Amino acid sequence: MRIEDLRKEDWKLNERLEYLAKRGEILEEEYEKSVKEILKRVREEGDRAVIEFTKKFDGVELTPENMEVPFEELEKAYEEIEPEVREALEFAENRIRVFHEKQLENSFFKEEEGIILGQKVVPLEKVGVYVPGGKAAYPSTVLMNVVPASVAGVEEIIMVSPKPNKYTLAAAYIAGVSRVFQVGGAQAIGALAYGTEKIPKVDKIVGPGNIYVALAKKLVFGTVDIDMIAGPSEVLVIADERANPTWVAADMLSQAEHDELAASILLTPSEELANKVKEEVERLLSQLERKEIAQKSLEKFGTIFLVKDLYHACEVANYIAPEHLEVMVREPMALLPELKHAGAIFLGDYTTEPLGDYVLGPNHTLPTGGSTRFFSPLGVYDFIKRSSVLYVSREGFKRVANQAEAIAKAEGLTAHALAVKVRKND
């Protein structure tokens, strides 16, 4: 794991920093052509293309008849998993539900002398949830994506996941998924966006995935809505000299094991801590079941940056705009006002990112690749839409007609002005 020095006035010119800050753009250029081809074929060929790509990328032989997982399999998985895992998933589901219920919006109406104005809030009808599979299975991702949709009142929740295991299926049962299809990758995103013979077209697609999934979501946006660009995972840790190097290293490795394209970054003003964390990462790496994946991730995107002080660390963190931001310093609350761009901010030594992944309650589906500058964590608000509601009586019309007509004439829209004028004589 490399150590870079940013304690200079021109720190933004550091090549490694620029590489990490712009990694979303770099990855897109590399994979976009193949993703476009996959989407094109799914749109034109439907299930046939989905089945072909599933065999090619996942090594799974599908037919139109077995693409959908029978609901009985979800119930069976729920009953078969270990009692402690079932209890943990139900515990997490409840905490996630309670947190997200606070995000619910209500319709409102305001009345004023012949005019009623308001906003009607309604849930989306049909949503697609992508849950990663393959190299790892994520029942927690099922809960984090499905529960907010359930809280919002979405009528039909369609889940897609390549080779879902019993824990993923059990979580789908607990969270209230409507239907499950065992497909993944860009082909699954295309199927949800365009619809196939078996997989229904949805109104919105949510959920994290690899670079193929993230790019596919970006490319189908407009045909359907999406939650965000949630690609390979990232963690950035700000730590001072008193931070525990083993804890810091463990938290960095917890992201590196996700994906070979995951990024693990440390910002610290302490050279001593930087060297100790580097040693601990190397020591702990050998203990991981997924050490090969973590090793490749660290080689590509793992970096320790030396900074001038903690406020400089905040400036660098805002420049990178990470998915997960951990603050392991003596007074973490003091830095919170300085932190502008992060999907989730974990304050304090004990607030390790995996707690947020699983059981705390706030959503773990977060924007990546620098998109925390304009995207927010997944929430109930992603599964609702708003319609403006307007009512004007004859009396209310007289209060606003002249002004509306004047603006219409100024814009040269005579039919607009006429629509107002013809009502004045009533």
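One-based numbering along the chain as shown.
Keep in mind that glycine also has a Cβ here, set from the backbone N, Cα and C atoms.
Keep in mind that what you see is a predicted model, and the values were worked out from it rather than measured.
Of the residues D47, D58, D357, Swiss-Prot puts just one in the substrate site with S233, Q255, H258, H324, E411, H416: D357. With respect to E323 (active site, proton acceptor), the closest of these binding-site residues in Cα terms is S233, chosen from Y130, Q187, S233, H258, E411.
For H324 (active site, proton acceptor), the nearest neighbour among the listed binding-site residues (Q187, S233, E411, H416), judged by C-alpha distance, is S233.
Taken residue by residue with DSSP, H416 (substrate binding site) is part of a helix. Reported as a whole number, the C-alpha separation between D357 (substrate binding site) and Y130 (NAD(+) binding site) equals 16 Å.
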